[in-house]
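Listed features, source TrEMBL:
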- 12-35: transmembrane segment (TRANSMEM)
- 47-68: transmembrane segment (TRANSMEM)
- 80-103: transmembrane segment (TRANSMEM)
- 146-167: transmembrane segment (TRANSMEM)
- 173-192: transmembrane segment (TRANSMEM)
- 212-232: transmembrane segment (TRANSMEM)
- 252-275: transmembrane segment (TRANSMEM)
- 287-307: transmembrane segment (TRANSMEM)
- 327-348: transmembrane segment (TRANSMEM)
- 355-378: transmembrane segment (TRANSMEM)
- 384-402: transmembrane segment (TRANSMEM)
- 437-455: transmembrane segment (TRANSMEM)
Amino acid sequence: MSTRKYFKSFLSFSIGTWLRAFISIFTTPIITYLINPEEFGKSAMYATAFGVINTTVLFGTDQAFVRFFYDYEEDRKNELLWSCLLPSVFIATILSLFVLVLSDRISVVLYGQRYDFINLILVVNIYLSLFQRYNQLIVRMLKKGMLYSLIDIVAAISTTVFTIIFALISRTFYSVILGGLVGTLLALLVGISQGKSYWRVTKPRKEELKEVLKYSAPFVPTMLLFWLFSSIDRISLRQYSTFVQIGIYSAAFKVVQVLTLVQSGFTTFWVPTAYERYSKDNQDTSFFVRANEMVSFVMFSVGFLLLGFKDILFLLLAKSYRESSMVFPFLAFLPIMYSISETTVVWINFKKKSYWHVLITMVSALTNYIGNTVLVPIYGARGAAISTGVSYIVFFWMRTLVAMKLHPKAGYNLKKVTLVTVLMTTVALIETFQNNVAVNMVLGTLGIIITIIVYKEPFTLVKKEFLDVLKAGLLR
């Protein structure tokens, strides 16, 4: 496949992602005016609880679905779906009963007081999100980029609209949660309506069910560790700080979501593409090196752009959330370092050495735990951001160094990544402790210029592709 075809394939999968980012930029300010930081913080604690339950429910069977999808004939793919789905439904039912029985205790731990129906909403969300996960995976593995984007768009628009409607009725964290619930439901209905044959109910074969569980089980510890790794910040803020600080932190995350959605769009496209490429030629490292350079250039450039002009975005938020602009800088490392690491970690997956993921996540989580324990009591949300950003840099290096140990001929240019990472860390540190708009703009602009110089070839390619697409559009 040519570069242009890869580019077009990526665009088809990421149209919805870009629109979600666009919607997020313009609706986050509206939501901050409707919901105060304390309520926003409570919605973040709900999301944290949902994250660990969702990870446990999936039990790694979604990874098995991706792994075995191309091994099944077209008329038997529904058997694979139900072999993966049924164990998750069983786990979801057990956990849902547990949540409902201990509803009051869970509410007090998460939100500081008892709330009616909140855990019933959580249970409904568990089931909807489970089916929505497979809904997206089916479309993704079929490489139906435009349909995937349509599902994304439906979810984004409906979540936004219903969150605002519910917030106008009740300015509590319920509005954020219910808005997301409606968005998930509508996206699920759109996807299932376009792929009914894959959802045809069937009884899975015993041996296939065993194969799925055997493959899936090792992913569970890693995924739970990754949840812990990515949730320590909010847990620490809940323990050492206030719901207001959690709300400010969550608002900064909303802006980071612009980069996170780019990461999501890339990962959606990258995983099947990488496996397909490796299956055709397992000695070809140049493709993965080029992908690494391209992703590094794009993510660092967008990161510096946001660091330079973040103050303009945060001025749009309600006054009570303005502190979020100084929380944002280190949070930018989360999607940046994760995306770049996706281009290097493939060699761990290709070599089927998945046990390395446990060690990598443990080291990263320990780094984040120590950092949050030290910094959150002193700096609050800013301390959580610094610790989490640094731990994602550690996460990238662990993934990359292990991958290169397993495949010494990988050929990645780590000098470039090191240089730009050090530069971005310096800029993020400066912007975390001062808030001069002009200084931040200069730092962000210099960062972009240096990134272009360091990644000259990817910049030239992106510019050429963009101009070619533009010319083609004008000629039509």
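Note: Cβ is positioned from N, Cα and C throughout, glycine not excepted.
A TrEMBL annotation is a machine prediction, not a hand-curated record.
Listed by sequence, the residues of this chain that lie at least six past the ends of the transmembrane segment (146-167) yet keep a Cβ under 8 A from its Cβ atoms are 12-17, 19-20, 23-24, 27, 30-31, 34-35, 135-136, 139-140, 174-176, 178-180, 182-184, 186-187, 190-191, 194, 268. Of the candidate ranges 80-103, 212-232, 287-307, 355-378, 437-455, 287-307 contributes the most Cβ pairs within a distance under 8 Å of the transmembrane segment (327-348). Contact counts against the transmembrane segment (384-402), taken as Cβ pairs under 8 Å, peak for 355-378 among the stretches 212-232, 287-307, 355-378.
By number of Cβ pairs under 8 Å, the transmembrane segment (437-455) is matched best by 287-307 from the list 212-232, 252-275, 287-307.
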